[in-house]
Amino acid sequence: MKLKEVDRTAMQAWSPAQNHPIYLATGTSAQQLDATFSTNASLEIFELDLSDPSLDMKSCATFSSSHRYHKLIWGPYKMDSKGDVSGVLIAGGENGNIILYDPSKIIAGDKEVVIAQNDKHTGPVRALDVNIFQTNLVASGANESEIYIWDLNNFATPMTPGAKTQPPEDISCIAWNRQVQHILASASPSGRATVWDLRKNEPIIKVSDHSNRMHCSGLAWHPDVATQMVLASEDDRLPVIQMWDLRFASSPLRVLENHARGILAIAWSMADPELLLSCGKDAKILCSNPNTGEVLYELPTNTQWCFDIQWCPRNPAVLSAASFDGRISVYSIMGGSTDGLRQKQVDKLSSSFGNLDPFGTGQPLPPLQIPQQTAQHSIVLPLKKPPKWIRRPVGASFSFGGKLVTFENVRMPSHQGAEQQQQQHHVFISQVVTEKEFLSRSDQLQQAVQSQGFISYCQKKIDASQTEFEKNVWSFLKVNFEDDSRGKYLELLGYRKEDLGKKIALALNKVDGANVALKDSDQVAQSDGEESPAAEEQLLGEHIKEEKEESEFLPSSGGTFNISVSGDIDGLITQALLTGNFESAVDLCLHDNRMADAIILAIAGGQELLARTQKKYFAKSQSKITRLITAVVMKNWKEIVESCDLKNWREALAAVLTYAKPDEFSALCDLLGTRLENEGDSLLQTQACLCYICAGNVEKLVACWTKAQDGSHPLSLQDLIEKVVILRKAVQLTQAMDTSTVGVLLAAKMSQYANLLAAQGSIAAALAFLPDNTNQPNIMQLRDRLCRAQGEPVAGHESPKIPYEEQQLPKGRPGPVAGHHQMPRVQTQQYYPHGENPPPPGFIMHGNVNPNAAGQLPTSPGHMHTQVPPYPQPQRPQNGWNDPPALNRVPKKKKMPENFMPPVPITSPIMNPLGDPQSQMLQQQPSAPVPLSSQSSFPQPHLPGGQHFHGIQQPLGQTGMPPSFSKPNIEGAPGAPIGNTFQHVQSLPTKKITKKPIPDEHLILKTTFEDLIQRCLSSATDPQTKRKLDDASKRLEFLYDKLREQTLSPTITSGLHNIARSIETRNYSEGLTMHTHIVSTSNFSETSAFMPVLKVVLTQANKLGV
């Protein structure tokens, strides 16, 4: 699309890439005249302002010159990275002079803008170029084969690259090499190009076209490959661009024939080596890919020829073209619309003729508005492929599972004269781990669950606890896996039975501290864990003494006592007891406040009386522990849990642990935990977790922990999940409860935990921790993603079906079985379609013996004669990598009907039967000999394509020869009678020849090439073509061997993969182009064994259209 234009008949030069803003210098051309036939000359500098929508370029400065110019370049001499200095303008004049201008002075309007000039050349200077490595070096070319190298630091004395070429001729083009700073190339209209080495001061190679019709109008070096260059021809009879490689200078590497008439100028983009501009006498400006010859873009131009074309160094999408109609146009290869250009033409027309009626009526002229109304939008398409500078050099994207996918387009470093730089497209998949401690703790938890080592895991957590509360929680969790869990809970609450016994004993003053210590079995135990005999005797004596002291307080059984029946309380109690009225006796005792007597009598009166008495007692008693005693006696623990002061939550929990029944234990602990959780005190809220642990209530533990702890950090969530997992395992082991069903809150936490694990790359662990029995959409979606990330089938989804149906190969038809001493039939002059002549009797086919196939198929008895037809071959056999070459000794016959059965040849008395294809597939697995069979199977006349036949060696049966002998695979010649003889041939030890497998990334090459050959063979009718394809199939083994050994360079393997992709898309022309590229850019000795035959295969495939 056109961006700007300047109405000048001039040579052009862009400002260097370091300069900003972008300038375009123009110098009056010495080859053309403008429409005014003016003889004045000038230098002008225009600014490129792409923000301005108009087509006009702003003129910054004009310098009137006395010279007209054949060539103009703008070099970056003495410029820094900031572009403060504008470099130097170098102009080639028509009188052999070279003038150096200061652009900054021209822009500033100074009069003295010439830095230096020299007229050493003879004739006009048509060729100029600046060395990109040493910007002070400028090469120039003129008539009489004159080439000078100018040093801008010492402009007075130039040097020559060597002796002048003979015969003398004009120098039309000159260019410095883009990779090697001392290499220079020049070209002349005669079609000859010369490459100079400034270090040797002589030409090193000359390139010319053999047709002698190549009139060089353009020369350009490859931006990346030091040995490649292009030459353009101005001759209308040969309007081509030739791409040469100096390593193969006998003929052009590639010829671009996109122009219809001679080419006037070319320019190779430094930003993208796949963009080559060319303009010719056919009034076309084409942007082509020199590597493929494809035209990527055609600029919309007028019918005028362009004599100069250049890329903008700073903006790689912009180019300029100078045409013979006196206009310099600036274009963009990124496409756009030409509506602005059309509108400008309409505006010019209107301004020239006016838009009012010339007769003064003041009415607008309708015809001038009609083109504007009927005009359609014209869109110019951009390049067919994205240019290199807009391709992302690097990129990154996060994916599920903590994967970081990054790519980078790495250009391999080039060397002098080395291969073409290859753009290596690398994609890296990295695992990003940000929470290493989180993963470590998660791994420890998984190991504890898998090994069932919960006690040791809890102990480690206790030892590592930094707070007392954390230590208590893990201690409570540990108790779940130990014996006497309730007793251990009491100990954790501070109620140790041994310590309580000591306190009670001291309170009763029965024994001193020393005796208490003796009564404690733990204290008197010896170091080996057993009690000493002395300790046992002492304890026994103490027990007898206590019983004796207690018996002294009982009333004496001897003597008499008085039974009073008076009218006082005692007498009434006595009368009630004598009559068996326990209820009245108890009432009298309660009335007299004799509580102990009432309880004793109530016990004798039965449970019902005792219960009523206890209630009356508790109603009258007002001590501090009455409610506790009431709960103990009445077993009303819910009252204690609901009514106790929460400061005594430990005591309430201890009472529940001591007395509660298993069926009510969990509910009471939950009730106490709920009271603590609902209390405003944060300390009590955290203690509720201990109650929920005792109850085994995972859901409430999660809810309570979430309220009390900060769950935003991954380690905080890890703390919770560790407790939840251990508690669930404890409930599962101790209470035999189903823990698979989870609540909403727990499922959310487990899902969050699984997400964190997946984000750290632990997909399997995340899948293991994810709840199973839940229908929550987010969890089901996460499970689906985890299964897919791990490559496992997703529950509820069918596996993708195989797009083809597996077919079982048919079993071989049964062969004839000969009886004992049965003589074979003699058949003469037999032939077999597609078969081979068997060798004469006694000839051992070593190539058909597979040492690993022993014992795979049954064999015939030793005294039976078996008749076996030769192995049928639908086509020339394709040898496997470990098979010897097949020998075709019989000329091919016409194809027989499918139902044609070949006659059975005469064979030796002992013959190896051929097994069915399924048995042949098992020949790589050694096994024990199979028992003898009286039948053998023959294969069907056809086997699937690509399956190779391997000879089979079998052990003999009991009726055959001894085990130390082996049967040779012997076939008789057709028609030759064979006697009833045996040949005992001892098998020689053979060593299996093995090759490395082809790497998986290159296996597609073998599959693609072999499949292409098979398709060609099935379509080819010419015997000569089939022989070529057969030979190609064998010689491609050299390629496969190199792939196995991985001795090919990355450039070659990458090119082979490109060829394989072109074969898959049936684009054989592209494959041949890539083949030429590989051959021209690689070492010949590395590819000579297989690349010629690969070209044969591609050519035949293209010819056959398979």
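Placed from the backbone N, Cα and C atoms, the Cβ positions cover glycine too.
Here's what Swiss-Prot has on this protein:
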MOD_RES   S527  phosphoserine
MOD_RES   S532  phosphoserine
MOD_RES   S799  phosphoserine
MOD_RES   T1047  phosphothreonine
MOD_RES   S1049  phosphoserine
REGION    161-471  region 'Interaction with SEC13'
REPEAT    4-47  repeat 'WD 1'
REPEAT    120-160  repeat 'WD 3'
REPEAT    209-254  repeat 'WD 5'
REPEAT    301-342  repeat 'WD 7'
MOTIF     842-848  motif 'ALG-2-binding site motif-2 (ABS-2),'
PLDDT averaged over every residue in the repeat 'WD 1' (4-47): 87
Cβ-based isolation winner (fewest other Cβ atoms within 10 Å) among the modified residues T1047, S1049: T1047
Counts by DSSP class (helix H/G/I, strand E/B, coil) across the repeat 'WD 5' (209-254): 3 helix, 18 strand, 25 coil
Helix, strand and coil totals (DSSP H, G, I; E, B; other) for the repeat 'WD 7' (301-342): 4 helix, 20 strand, 18 coil
Surrounding residues of the repeat 'WD 3' (120-160) on its own chain - C-beta under 8 Å, 6+ positions past either end: 30, 70-73, 75-79, 88, 90, 92-98, 100, 166, 168-176, 178, 181, 184, 186, 188, 196, 198, 201
Counts by DSSP class (helix H/G/I, strand E/B, coil) across the repeat 'WD 3' (120-160): 0 helix, 20 strand, 21 coil
In three-state DSSP terms, the structure that S1049 (phosphoserine) belongs to: coil
